[in-house]
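Taken verbatim from Swiss-Prot:
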type: CARBOHYD; residues: 95; note: N-linked glycosylation site
type: CARBOHYD; residues: 133; note: N-linked glycosylation site
type: CARBOHYD; residues: 166; note: N-linked glycosylation site
type: SIGNAL; residues: 1-18; note: signal peptide
């Protein structure tokens, strides 16, 4: 627990110092933002009556690994139940987008950046949600429960499962002048 508190404090200190990657390092910025965010807005195509085929966004807790500098796999893991409306959408069509933003961290508040200001970096991932296999479940569990310890006590009868966001496209908005495109290969090959 002391180690977790230290890692969280180190991550917050790095954000507070403003040690984010420079705008010309878009792949590194994408990894940095994802790793420093605890939640994101997941958008699906609704399968619900009256909303069928329309975009539907919902907030989900995420983690790519334990908090702290240099950590994280870059893979956004989620803890899901099919009782959740967005998960029901994903059972019909697993395609989704995930948006994460430094607006949820102290960084943008410290610099007085509005969440829509490009300097308050945000990343948009497109891809699909897939259940993790048994060999990856332990990694997903550790990544999620380290950041979100409350999850471990959620009702067992909800049939929770571990999933990951399988990234196919990445857009970075971290500076004025428009979006930057990062390939999944660039994203996973860069050191965060």
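For all residues, glycine too, the Cβ spot is worked out from N, Cα and C.
Within 10 Å of the C-beta of residue 95 (N-linked glycosylation site) there are 15 other C-beta atoms, taking all protein chains into account. Rounded to the nearest whole angstrom, the C-alpha distance between residue 133 (N-linked glycosylation site) and residue 166 (N-linked glycosylation site) is 13. Summary: among the glycosylation sites (133, 166), the fewest other C-beta atoms within 10 A of the C-beta are counted at 133. You'll find the Cα of residue 166 (N-linked glycosylation site) roughly 9 Å from the Cα of residue 95 (N-linked glycosylation site).
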